[in-house]
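See below for the structure under consideration.
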Amino acid sequence: MPPVFTPLNDDRTINYSVIPEYAKYLANAGIKSVLVGGTTGEHMSLSVGDRKKVIDAWVKVAKTTDLHIQVQVGGAPLSDVLDLASYCQKVGADSLLTLPELYFKPDSVDTLVDYVELVANAAPNLPVLYYHIPSMSKVEINMPAFVTKATNRIPNFKGIKFTSNDLSEGAQVLRALKNDQEMFLGADTLIAPAALLGIKSSIGTTWNLFPRLAQDILNAVERNDVARARSLQETLSLAIEAHTVEGPWVPIMKAGMEIVSGIKVGPPSLPQKPITDEARKRIESRLRKLQIM
C-alpha cells in the first residue's frame, strides 16, 4: 500500500488535477490500495479543509481504479481528528489509520487505547488501524500489549501500521492479531526479512516509485527463493540510500517520484523545503547506475 504524496504547485497550493493520473499509474502497476494523509502525504501540515478536499479527490478516483482508500486522520487536535474520521465514513473512504495524540502524548497502553477508541467511535462502520511510528511521534508503548487490549475493547480495531526496525516486537504484534486484522510494515528496507517472519503487508513510500519491486520481493519469499528476495531487497535498499544522503525523507522522495515516474508531485509543504537541483541530479545519476529506472 503506497502512502501517496499530496501533489503541490510551486506556490504550495494543492494540485488536484494530478491525482487521477497518479491513481491510474499505481493501479496499472498492480497496486490495489493507497494510504491518503500519511507522513508521505504531509497531511499533518495541511488544514482540515484541505485534508478533506484531498480525501474527496482520492475517493472519487477510486470509483474508476478500484483502489481501496485508507485515510490517516491523526496529527491534529482531537476535535479535528474526530471530525476527519466521521467525514471519511460519510464520503466513502474504506478504512482509517490514526496517529496518537502528538502533544499530550499517551503514556500507557490504557491511555493509547482510550485515544484510538475515541477515533474508532467517530467512524464505527470503518476498520480502524493504529499508526505506530515512534521515531516521529515519540510515543513508545509496548505494541503487543496495546494490540491485545485494543482488540478486546474496540470492535472496529483492525490492526496496525508498524513503522519500526524492531522486527522482534513486530513478530510479537503479528502473533497478537486476530485473523480479521492486519499488520502493515512501515520499514521499506526490511520487507524481505519481515516477510520471512510472516509480515506480508506493507505501507512504504518507495512503493510509489517502485511498485512492482515490492511485489517481486514478496513473491520471491512466497516461492521460498531466499536468494532472489535478498537480491531484490538489496536493490531496493540501495535505491533508498541513493535518496537519503540528500536530505529529509519527504523532500527527497518527492524528487525521486518525479524522476522515476514523471508525475509532478511538486515541492514539500511548508515548513519543509525542496532539495536543490544538484541533489536531484545526483539522485537520478545513482538510480541510473542501479538500472532501476
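The backbone N, Cα and C atoms fix where each Cβ goes, and this holds for glycine too.
Under the heading pyruvate binding site, TrEMBL lists Thr40, Ile203. Here TrEMBL flags Tyr131 as active site, proton donor/acceptor. Per TrEMBL, the feature active site, schiff-base intermediate with substrate maps to Lys161.
TrEMBL feature annotations superimposed on the structure.
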residue: Thr40; record: pyruvate binding site; Cβ within 10 Å: 26
residue: Tyr131; record: active site, proton donor/acceptor; Cβ within 10 Å: 27
residue: Lys161; record: active site, schiff-base intermediate with substrate; Cβ within 10 Å: 27
residue: Ile203; record: pyruvate binding site; Cβ within 10 Å: 27
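When Cα-Cα distances from Lys161 (active site, schiff-base intermediate with substrate) are compared across the recorded positions Thr40, Tyr131, Ile203, the shortest belongs to Tyr131. Thr40 (pyruvate binding site) and Tyr131 (active site, proton donor/acceptor) have their C-alpha atoms 13 Å apart, to the nearest angstrom.
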